[in-house]
Amino acid sequence: MSQATPDESLASVRINFELKNNGVWCEELIGRGTYSTVKKAWSSRQHKTVAIKIIDKRLRSRYIKDFLPRELQIVPTLNHNNIIKVYDVIHSGPFVCLVEEYANNGDLLRRIKGKIRLNEDESRFYFRQLIEALMYLKSIKVAHRDLKCENILLDSCDNVKLCDFGFSRMMKDGDVSRTFCGSRAYAAPEILRQIPYNGFTVDVWSAAIVLYIMITGVMPYNSDNPRKMLNRQLQHRVSFPKLIFLSDDVKELLYQMLHPSPSDRITYQEMLDCRWLANTHYFIRTESMALSRRKANSSEAILD
């Protein structure tokens, strides 16, 4: 294991001192990304466990220069049950610390890998909550632009918590983006073609990739060959694993979401009205509901 340099140790001491002054005590490391480190912590102000996202502004990148200011402007204003809440933004020298809601059930990708794939009922619950979060974002004119399974966390009751707004952007009517954002495997064809795009319609495409992965456990397109992947997308080719039974309703929904033409892509309201979601009511799972669900799953496991 590599040891921290004197500069890193001094920075860590300074950050911890600043956080403690704001009622936050850091615990173990949760994860590390390109531009940030995430730690579990206790907040005396919130009276609960939180997550601390520590961003080093000394890193020279377009994210730090252009996207971080947007993120810091957007995330404190977000208020939705299916979006990670940012309680506070703490500045400590060259570091910015976001005090965030803690989701202790990990991310959606880990959940999928643990089960190989999710059944349609479980996928429907998560997807319905995701769409609710995206509808809220669109209502306040915010495009996420980096939707993927790793950016969808699950709280203690298994509710969706959308996170990581590093590439998010305020979008006025008629606005287009030109920046390549997100992961290639989740990117809409207009992004891959490097043409101006609408942030909301690319979110629809990425949400479709998330749904596809939930119900199949695999990606719909092989991103190892970008040219071949783009050609399949532009031909509106959507195939499904032959050994997995999937309802025609979910296949039809995915086909409409993965339309190569952004203007022909299904809208959020049309998703809610489609056969696969039409009778699915939106709700937030409570502790008692989660406990009942865990007991039912345990009983099924014993019977198996």
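Each residue, glycine too, has its Cβ placed from N, Cα and C.
Per TrEMBL, the feature ATP binding site maps to Lys53. A C-beta separation below 8 Å, combined with a sequence spacing of at least six in one chain, links Lys53 (ATP binding site) to Ser36, Thr37, Val38, Cys97, Leu98, Glu100.
Feature annotation from TrEMBL assigns domain 'Protein kinase' to 24-284.
The annotation transmembrane segment is assigned in TrEMBL to 204-222. Within its own chain, the transmembrane segment (204-222) has Cβ neighbours under 8 Å at 108-109, 112-113, 116-120, 122-123, 126-127, 130-131, 134, 144, 146-149, 152, 182, 185-189, 228-229, 232-233, 238-241, 244, 246, 250, 253-254, 257-258, 265-268, counting only residues six or more beyond its boundaries.
Confidence across the domain 'Protein kinase' (24-284), taken as the mean pLDDT and rounded to a whole number, stands at 96.
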